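Accompanying notes for the structure given below.
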Amino acid sequence: RFIAKPCAINLGIQDSGPHRAQPNAILEKVFTSITKSPDGKRLEGLSKQLDWDVRKIQRWFRHRRNQDKPTTLTKFCESMWRFTFYLSIFFYGIRFLWTAPWFWDTRQCWYNYPFQPLTSRLYYYYILELAFYWSLMFSQFTDIKRKDFLIMFVHHLATIGLITFSYMNNMVRVGTLVLCLHDASDFLLEAAKLANYAKYQRLCDAFFMLFGVVFIVTRLGIYPFWILNTTLFESWELIGPYPSWWLFNGLLVTLQVLHVIWSYLIVRTASKALVRGKVSKDDRSDVESSSEEEDVTSNSTKGIFSTSSNGSNRLNGHVAGSQWTGE
């Protein structure tokens, strides 16, 4: 309200929504009570009832759907908040872990376990991360639903479960490594969104490509060979198969499966960018795509976070394929 909104206005982002559908009691009743996306048979019926062309009715429903979605200014403010949090918590984690012995030697995560001290800095790091992911869990049900809704829901559940479970079992050392690793790429994703909303397309594409590289390196490289290696093998070697070993590693492996899915979406989006010369579209976007019967506007005006798109971006998070699949 006091920082992001003035920044958006200075960048020329207007607080104006999409084109509003013209008032029509019959179509409004169908939209609110029956369906927001009528099929061909219903469109034909409405066409005869209103003496409207089918294309005009399709356009009305598209405008009506977009009408309920947040403006670019709203999305910019939300992304700026997420960017601020992810960047701050990442640097806090790096600064904290830089002097931690288990950051350089993962076997230190299991020495003298479970009798390891919980320092105040470690405690606040955990509590901040847990609070943030709970907020993502709650807000997901009130935000625009994306194609990756189920994937993100599973991701949030697994993340909250891991943070809570590792805290209760005093596995906070390896937990901090997981948290910091996941925060490494998220702020780049939000930076790309901010650049897109401000219509700095080259900057948006550059941030997205950088995000994709960091995401794949950390989630498909460092995570399995550094994190999973110590939780699956080093812990078994040093302290044996503790009772919660299977649950803990099951949650971590679930995250790895999600990483693979998101990485595929990111690579697919990057491949399209190489062909078209720029990042083209958020694969998990809630954008209302133009139908074949409509006049098609130039694709060169739309980036992966197309400023004409509606709905807030989610990726914590989330990557979509941004989301993307986000966040």
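Just so you know, glycine gets a Cβ as well, placed from its N, Cα and C.
Just so you know, TrEMBL annotations are computer predictions that nobody has curated.
Source: prediction; values computed, not measured.
Taken from TrEMBL, the feature domain 'Homeobox' applies to 27-71. Among the features that TrEMBL reports, DNA-binding region is placed at 29-72. Annotation comment: TrEMBL describes 74-275 as domain 'TLC'. Per TrEMBL, the feature transmembrane segment maps to 83-103, 123-142, 207-226, 246-267. Residues or ranges marked as region 'Disordered' by TrEMBL: 283-327. Annotation comment: TrEMBL describes 301-315 as compositional bias 'Polar residues'.
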Local confidence of the DNA-binding region (29-72) - pLDDT mean: 81
Helix-strand-coil residue split for the DNA-binding region (29-72), DSSP-based: 31 helix, 0 strand, 13 coil
